[in-house]
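Copied over from TrEMBL:
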ACT_SITE  Asp69  active site
ACT_SITE  Glu131  active site, proton acceptor
BINDING   His67, Asp100, Glu160  Zn(2+) 1 binding site
BINDING   Asp100, Glu132, His349  Zn(2+) 2 binding site
DOMAIN    173-276  domain 'Peptidase M20 dimerisation'
Amino acid sequence: MIVDPVELTMALIREDSVTPNSGGAIALIERVLEDNGFTCTRVDRNGIPNLYARSGGHGPVLGFNGHLDVVPPGDAEAWTSPPFAADIRNGAIYGRGACDMKSGVAAFVAAVIECADTCPGSLVLTITGDEEGDGIDGTAAILDWMDTTGEAMDACIVGEPTCPTHMGEMIKIGRRGSLTARITANGQQGHAAYPQNARNPIHAMVDLLGRLTGIELDDGTDHFDHTTLQVTGFDTGNEANNVIPARCKSMVNIRFNDAHSGLSLTNWLNEEARKATDASGVRFDLDITVSGESFLTPPGPLTEIVQRAVEHETGRIPVLSTTGGTSDARFIKNHCPVVECGLVGATMHQTDERVEIDHIRQLAGIYTRIIKGYFA
């Protein structure tokens, strides 16, 4: 049976699946795949719906990964049509998840169904309801289950939006790592008119943040942009203009390339905090979370297959990029080579998020060509 990726996209958008409540969208895809001969297994964890689907039982295994949870639509009145209505205007479908990434899932579902009967290997789909949220019970849960059951993929395509403005211009072969540090400066509260009787944590925090933001951690590497550190939060919890607060908090986020690791940056931050404590007498406490290490799928056979497929469908040879934020590819990279290839993401997470209908059909064609090229 031929599945229309455009109609499937619209059906998925009509499922209100704000993370983590994406069970209806997962169930819809499960029915479509089972109706077309795929063996489906639910791999839910901690209330998060996840789906593993497979066709074929021999030969190389090519996987596709995507998510069906979406971010909240925000003020629904600000949309020109309801965010879960999937209205069509001027050749585009409007709705939350239109480009991130219900259309990507619809496109690869249509492609695997088209190719399943003639594929000389196996096709696997890992579809989660926990990518926009914490991400710990989504793709990671499916991969944990695969490890325990002996399921595996030899390569995987993630259907996240990868093109900044034009269809076919970019694919992702890696991502920078991400580290968040929540920093607390513990001083001594006092009257603003008598600073000699207090220890101002704000001054100490500003000095520390100045040190951190003033250091160039690197100049970039062969496949990655330079590492960046951004201050993303600052709070004293103090509304009194004549009180030096006892503590203040800040938050920094580091996007790091393969010149660093989460551990090396954690050690660096702790050492900088120690120096700041020695200089100010203010004690710093750090709570550091590494949500993903940097990774790279080196240019080679897999990236070439994807590039050829994209060029054939769009006329563009996509740039191999490692820009942007994190994705679930950070989990998959520990299991097999992974490349991200998807739509234009210019409106993702925005009011009036939308996807061009022609782009959905192009993407389904790209995925079909990737499958045929991989098993050629």
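A Cβ is built for glycine as well, from the same backbone N, Cα and C atoms used for every other residue.
Everything TrEMBL records as a feature, shown here on the structure.
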residue	record	Cβ within 10 Å
His67	Zn(2+) 1 binding site	33
Asp69	active site	26
Asp100	Zn(2+) 1 binding site	26
Glu131	active site, proton acceptor	25
Glu132	Zn(2+) 2 binding site	23
Glu160	Zn(2+) 1 binding site	25
His349	Zn(2+) 2 binding site	16
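Residue counts for the domain 'Peptidase M20 dimerisation' (173-276) under DSSP (helix as H, G, I; strand as E, B; rest coil) come to 31 helix, 36 strand, 37 coil. Apart from Asp100, Glu132, His349, the residues listed for Zn(2+) 2, the same chain places the Cβ atoms of Val70, Val71, Gly97, Met101, Met348 within 8 Å of the centroid of those Cβ atoms. Residues Gly66, Met101, Gly104, Glu131, Glu132, Gly159, Pro161, Ser327, Gly342, Met348 surround the recorded Zn(2+) 1 site, their Cβ atoms falling within 8 Å of the Cβ centroid of His67, Asp100, Glu160, which are themselves excluded. The DSSP secondary structure for Asp100 (Zn(2+) 1 binding site) is helix. Inclusion criterion for the recorded positions His67, Asp69, Asp100, Glu131, Glu160: a C-alpha placed within 10 angstroms of the C-alpha of His349 (Zn(2+) 2 binding site); this criterion is met by Asp100. Note: the CA-CA distance between Asp100 (Zn(2+) 1 binding site) and the residue listed as 'active site' rounds to 9 Å. Between the CA atoms of His67 (Zn(2+) 1 binding site) and Glu131 (active site, proton acceptor) there is a gap of 6 Å, rounded to the nearest whole number. If you take every residue in the domain 'Peptidase M20 dimerisation' (173-276) and average the pLDDT, you get 98.
Separating the Cα atoms of Glu160 (Zn(2+) 1 binding site) and Glu131 (active site, proton acceptor) is a whole-number distance of 11 Å. If you measure from the Cα atom of Glu132 (Zn(2+) 2 binding site) to that of Asp69 (active site), you get 6 Å.
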